[in-house]
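Marked as transit peptide by Swiss-Prot on the basis of sequence analysis: 1-47. Per Swiss-Prot, the feature Mg(2+) 1 binding site maps to Glu128, Glu157; the stated evidence is similarity to another entry. Look at Swiss-Prot and you will find Glu157, Asp178, Leu180 tagged as Mg(2+) 2 binding site. The Mg(2+) 3 binding site annotation in Swiss-Prot covers Asp178, Asp181, Glu354, and the record cites similarity to another entry as its basis. If you look up Swiss-Prot, you'll see Asp181, Gly182, Ser183, Ser184, Asn286, Tyr318, Tyr336, Tyr338, Lys348 marked as substrate binding site, on the strength of similarity to another entry. Per Swiss-Prot, disulfide bond is recorded for Cys222-Cys227, and the stated evidence type is similarity to another entry.
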Amino acid sequence: MAAAATTSSHLLLLSRQQAAASLQCGLSFRRQPGRLAGGSSAPSVRCMAAVDTASAPAATEASKKSSYEITTLTTWLLKQEQAGTIDGEMTIVLASISTACKQIASLVQRAPISNLTGVQGAVNVQGEDQKKLDVVSNEVFSNCLKSSGRTGVIASEEEDVPVAVEESYSGNYIVVFDPLDGSSNIDAAVSTGSIFGIYSPNDECLADIADDQNLDQVEQRCIVSVCQPGSNLLAAGYCMYSSSVIFVLTIGTGVYVFTLDPMYGEFVLTQEKVQIPKAGKIYAFNEGNYALWDDKLKSYMDSLKEPGPSGKPYSARYIGSLVGDFHRTLLYGGIYGYPRDQKSKNGKLRLLYECAPMSFIVEQAGGKGSDGHQRILDIMPTEIHQRVPLYIGSVEEVEKVEKFLA
């Protein structure tokens, strides 16, 4: 009787365990004879994986589409490092830049509250009035790059000359940036942004420098090494401060878009391998300067206003912020242009830290960047704050303006 009870209990317990195991891990069971303590036989269980080929792909697909699965910028950078696309130093530099962008985003959003609107009272090297946020954003960007310990030289729109941030330049990256593009619109809460590009150090810039205020020969060589064509860029991107904070990045393998999640304080991947349309019906030019343009450019602009095969002319969209206008062009197609004119003989935008990074991004997305005659990325800078005309956007649209200007 006791033996029967023991057998019954064992079978009940065994059946419950089998059921639980089957539900939890989808395994199949095969009963084999075994022995109980009393000498009677009892079934034992052999566990084998049961593969349902029909449901496996569906399960994999479901896991990919999980609404709770997110990829942060940090995770994405680590994956790129593991794949050998970038090294550990580049990962740290890009993480530092993203931190700077988060801080600047907060400053921009709170600018009216923190009394950061208006003019600082100083003039930068370009002869432009510095906004309060220009100065603060430049300091934030510079400090984040310095604290990374992986940046050798930085060149900013707000600095007269490149700044050495480490005792030794060997193996450290060169970062060029505009800390706050479109700052003239900040008082009106219009979209602004930060632009950056990352270069590898030049072989001529591999020595320690003396700690003095004057530029010695080594520093001069390092400054020269900053002036590289955009074709040498290793990474480029921008962060747009608007209704959302958008971080756009390329490391030479396509264009990726990350959106700042205010709940977690993390940039989250929202678009991969962005491709700009081959053509577009939107143009972004400051037509207030029309009278200052040459006749060829006027003819081009007039052609955009004529009804095309569809019976509709191009649409004009101009924010006055390079980052804002470029981001729309990247997503919708079309062309953004800031040409030379009678007032600005070489254009207004800076080659090193505005035109080159944006052109690198647009080419990675299948678009084109030109000064009207040649590829932006092929132009060798002769000085840090060199200006060039810029026509950037869909391939067909940029080639169209090049034909008019030829």
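Backbone N, Cα and C atoms are what each Cβ position is placed from, and that goes for glycine too.
Sequence-distant neighbours of Cys227 (disulfide bond): residues of the same chain at least 6 apart with a C-beta under 8 Å from its C-beta are Leu352, Met380, Pro381, Thr382, Glu383, Ile384.
Each residue contributes its Cα atom, and for Ser183 (substrate binding site) and Glu157 (Mg(2+) 1 binding site) those atoms are 12 Å apart. Of all the binding-site residues given, namely Asp178, Leu180, Asn286, Tyr336, Lys348, Glu354, those whose Cα is no farther than the 10 Å limit from the Cα of Glu157 (Mg(2+) 1 binding site) are Asp178, Leu180, Glu354.
The record gives Asp178, Asp181, Glu354 for Mg(2+) 3. Within 8 Å of the mean position of their Cβ atoms, the other Cβ atoms in that chain belong to Glu157, Phe177, Gly193, Ser194, Ile195, Leu322, Val323, Leu349, Arg350, Tyr353. Take the Cα of Leu180 (Mg(2+) 2 binding site) and measure to each of the binding-site residues Asn286, Lys348, Glu354: the nearest one is Glu354.
Looking at Tyr336 (substrate binding site) and Asp181 (Mg(2+) 3 binding site), their Cα atoms lie 15 Å from each other. Figure note: comparing Cβ neighbours within 10 Å for the binding-site residues Glu157, Asp178, the maximum is reached by Asp178.
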